[in-house]
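A short worksheet on the structure shown next.
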């Protein structure tokens with residue numbers, strides 16, 4: 001491995017796919033060991049299982065505990081129907097997802113943990129594989145001759161500064177190039193200790209909507225309208241925010257010259273059908289309340305657990321009379337930015353995918369390190385934008401966000417477990433973490449805009465005939 | 001030269017009017033003096049802590065310090081209006097459950113005998129005004145005072161130049177307080193008032209007072225802040241303000257218990273220099289007939305009746321290992337003969353009746369193992385996948 005040239009590495013990675021990679025097998029073995037409790041058991045590392053650490057990694061709603069709690073409530077509350085599960089506004093799982101996990105309740109506790117853990121290994125494998133496929137499509141297969149052609153004519157003064165790290169043109173000898181990006185994305189996800197802890201130690205299935213979203217995007221990129229719509233419907237049924245990925249899907253479908261109208265009608269029809277199935281399951285009398293509890297409640301400051309999310313932070317720090325203001329701000333802010341980003345970056349759907357995901361990471365609860373991990377994987381789709389990042393703020397944000405996370409864990413433990421410490425310290429770390437994530441978002445948006453602006457400028461100059469040949473440029 | 005007859009009469013009339021006016025003023029002053037010298041017959045207190053949120057723990061402790069001190073000096077709860085804007089004893093962040101402490105080894109300022117009259121959202125400007133002026137607000141206690149009542153008014157919280165904050169929502173200005181005191185004076189609701197404020201720029205709260213017999217003491221002057229005294233490392237915040245803490249420590253000193261002779265100035269101003277408080281203690285007795293070095297502490301800080309110690313049968317200490325007696329429904333039923341479960345039985349009968357009635361929902365709801373539900377699910381996804389192959 002050492003001493004290889006970049007070209008040799010690229011050639012080697014082209015031949016090695018994620019599923020066939022030996023590192024994948026190693027990672028899978030490690031994950032299996034975690035599921036069976038042979039690696040990272042609670043007796044050796046009890047602090048990993050503390051509430052503070054878990055709150056940074058997992059969404060409490062998508063855990064086995066929440067499912068079992070739902071089943072227990074159903075048994076306690078008459079008339080013990082499926083709708084009884086939602087009494088008391090404690091359970092926030094969508095009805096169909098809860099129904100999917102019902103068979104798990106018949107297993108013993110250890111069997112539940114093992115079964116779901118193993119299933120989540122498969123889900124993570126699929127996510128990583130889908131990321132690789134998405135990466136291959138975006139950086140290798142998607143036709144962007146117009147951009148490549150323009151990029152060759154970009155004046156030297158506005159060339160990207162990091163083109164030696166992130167590939168901008170096929171000829172550049174960058175470290176992160178189109179040959180390595182797909183595998184890198186997959187391995188960044190699958191080898192990440194964050195996803196390992198989340199899925200296989202804590203058995204949190206928050207990765208399921210991620211899988212559906214990625215499958216939806218892949219299908220859209222290949223022109224499969226119905227499957228793309230179905231996957232996105234499944235993702236948005238579990239987490240409403242994933243409906244935003246309809247926007248880049250529409251762009252990808254248009255590039256394939258397929259019917260956007262069919263796609264949108266399919267999406268709406270399938271979404272309605274899912275809600276109709278939920279209605280059949282819970283009955284008409286409780287449907288609206290349950291729909292609110294499943295999909296809308298996250299927009300309000302209710303029932304939020306301590307976490308790194310801005311919603312938790314503002315929910316704790318704001319005065320009651322401002323609750324409506326912050327509900328509208330935090331709930332509406334990510335969606336206000338969709339249209340401007342679409343108008344500005346419609347030529348770069350891969351950038352939109354990463355940006356919409358980052359919006360959810362900043363504004364939607366709960367903010368976990370898992371969502372940030374996925375964001376980093378998706379950012380690699382836009383290597384041409386990454387090449388135009390400003391070095392210092394980006395480097396500071398990326399390298400420093402772990403500090404407030406560590407301090408958050410310590411201060412949460414001090415506040416909630418030992419009963420000493422100041423809650424405000426923990427709140428401050430939450431704010432700092434989200435500030436760093438926001439910096440990453442802003443820097444990436446700025447880089448995308450610089451990329452677009454450079455191309456537009458070059459295009460304009462080329463129309464005017466002012467762009468000298470590359471060899472004559474200083 | 002002789003003056004004309006009309007001017008002579010006019011001069012006489014004017015002189016008579018002046019004399020009459022002078023006489024009136026003299027009588028008024030005399031009456032004031034008499035009334036001031038006349039002994040008060042009752043003592044009352046209004047203690048307000050207007051701050052919310054955990055980090056304002058110290059304001060609550062200030063108010064309770066004064067409250068406990070008054071109780072130790074014979075004040076009864078009927079004579080004290082205690083307003084606490086937030087509950088700190090039961091705050092989840094309080095590691096000393098059910099206790100308010102200013103020192104880890106000290107007694108709790110909050111115990112079973114603490115009677116909070118206005119709590120939480122009841123602590124508002126309008127309720128303070130109602131309490132002072134005696135306008136009854138549904139169920140909330142007010143001052144039952146008359147023209148022979150001495151009133152101690154103690155405010156602690158966040159303040160500024162001529163205002164005092166209530167719960168970060170509203171403020172009361174010095175002009176408003178002045179209007180309230182004018183109203184009280186007109187209604188003969190007090191004999192003398194000692195107005196004490198422990199806030200930032202506290203002394204400015206008395207700027208607009210014009211009613212007679214009000215002495216104002218503030219823990220800081222304009223553009224000065226009042227500071228906390230010390231923090232508790234277990235609680236993680238400041239637990240009491242400097243002025244209230246120093247004042248209380250001064251009074252607890254056994255050398256300083258002669259409150260029948262110690263004046264307000266000697267006890268509430270002189271012992272607390274700027275070097276200790278980092279602020280100047282302001283005192284204004286310009287409206288009072290009896291000045292601050294004439295009024296003794298016992299006129300405001302000791303109940304007119306026989307002073308009693310804290311541990312009387314009125315005041316129950318709250319031991320740390322105190323266990324609340326458990327209420328027994330069965331014992332209650334035996335004692336009263338009331339079927340306490342009657343309402344529960346009625347409700348159960350209603351529920352059974354409702355359950356027995358056919359429901360009017362369009363769709364009843366199903367179980368995930370329901371055959372129809374499973375069939376619909378398979379159909380939906382099957383058709384979607386099939387359509388995906390075709391399109």
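Just so you know, the numbers here start at 1 and follow the chain as drawn.
Placement of Cβ uses the backbone N, Cα and C atoms for every residue, glycine included.
Those TrEMBL annotations? Automatic predictions, nothing curated.
The transmembrane segment annotation in TrEMBL covers A:194-218 (among others). A Cβ distance under 8 Å defines the sequence-distant neighbours of the transmembrane segment (A:194-218), meaning residues of its chain 6+ beyond its ends; these are 27, 30-32, 34-35, 40, 48, 54, 57-59, 62-64, 113, 116-117, 120-121, 123-124, 126-127, 130-131, 133-134, 137, 227-232, 234-236, 238-239, 242, 245, 248-249, 252, 353, 368-370, 373-374.
Cβ atoms under 8 Å from those of the transmembrane segment (A:224-253) belong to residues 94, 96-97, 208-213, 215-218, 259-260, 262-264, 266-267, 270-271, 274, 295-296, 298, 334-335, 338, 342, 346, 349-350, 352-353, 356, 359-360, 364 of the same chain, restricted to positions at least 6 beyond its ends. Per TrEMBL, the feature transmembrane segment maps to A:224-253 (among others).
Summarising the annotation, TrEMBL assigns transmembrane segment to A:260-283 (among others). Residues 81-83, 86, 94-96, 99, 220, 225-226, 228-230, 232-234, 236-237, 246, 249-250, 253-254, 290-291, 294 of the same chain sit 6 or more residues outside the transmembrane segment (A:260-283) yet have a Cβ under 8 Å from a Cβ within it.
Residues 51, 55-56, 60, 83, 86, 89-95, 240, 275, 278, 282, 323, 326-327, 330-331, 362-369, 405, 408, 412, 416, 426-427, 430-431, 433-434 of the same chain lie 6+ residues outside the transmembrane segment (A:289-315) yet bring a C-beta within less than 8 angstroms of a C-beta in it. Residues or ranges marked as transmembrane segment by TrEMBL: A:289-315 (among others).
Remote same-chain residues near the transmembrane segment (A:322-343) are listed as 241, 244, 247, 299-301, 310-311, 314-315, 352, 355-356, 359-360, 362-364, 445 (criterion: CB distance under 8 Å, separation of at least six residues from the stretch ends). The annotation transmembrane segment is assigned in TrEMBL to A:322-343 (among others).
Positions annotated as transmembrane segment by TrEMBL: A:355-381 (among others).
Annotation comment: TrEMBL describes A:393-414 (among others) as transmembrane segment. With a cut-off of 8 Å between Cβ atoms, the residues of this chain six or more beyond the transmembrane segment (A:393-414) that come close are 50-53, 55-56, 306, 308, 369, 372, 420-422, 425-426, 429-430, 432-433, 436-437, 439-440, 443.
The transmembrane segment annotation in TrEMBL covers A:426-449 (among others). Listed by sequence, the residues of this chain that lie at least six past the ends of the transmembrane segment (A:426-449) yet keep a Cβ under 8 A from its Cβ atoms are 306-310, 312-313, 316-317, 341, 344-345, 348, 351, 354-355, 358-359, 361-362, 367, 372, 375, 379, 382, 385-390, 393-394, 396-398, 400-401, 403-405, 407-408, 411-412, 414-415.
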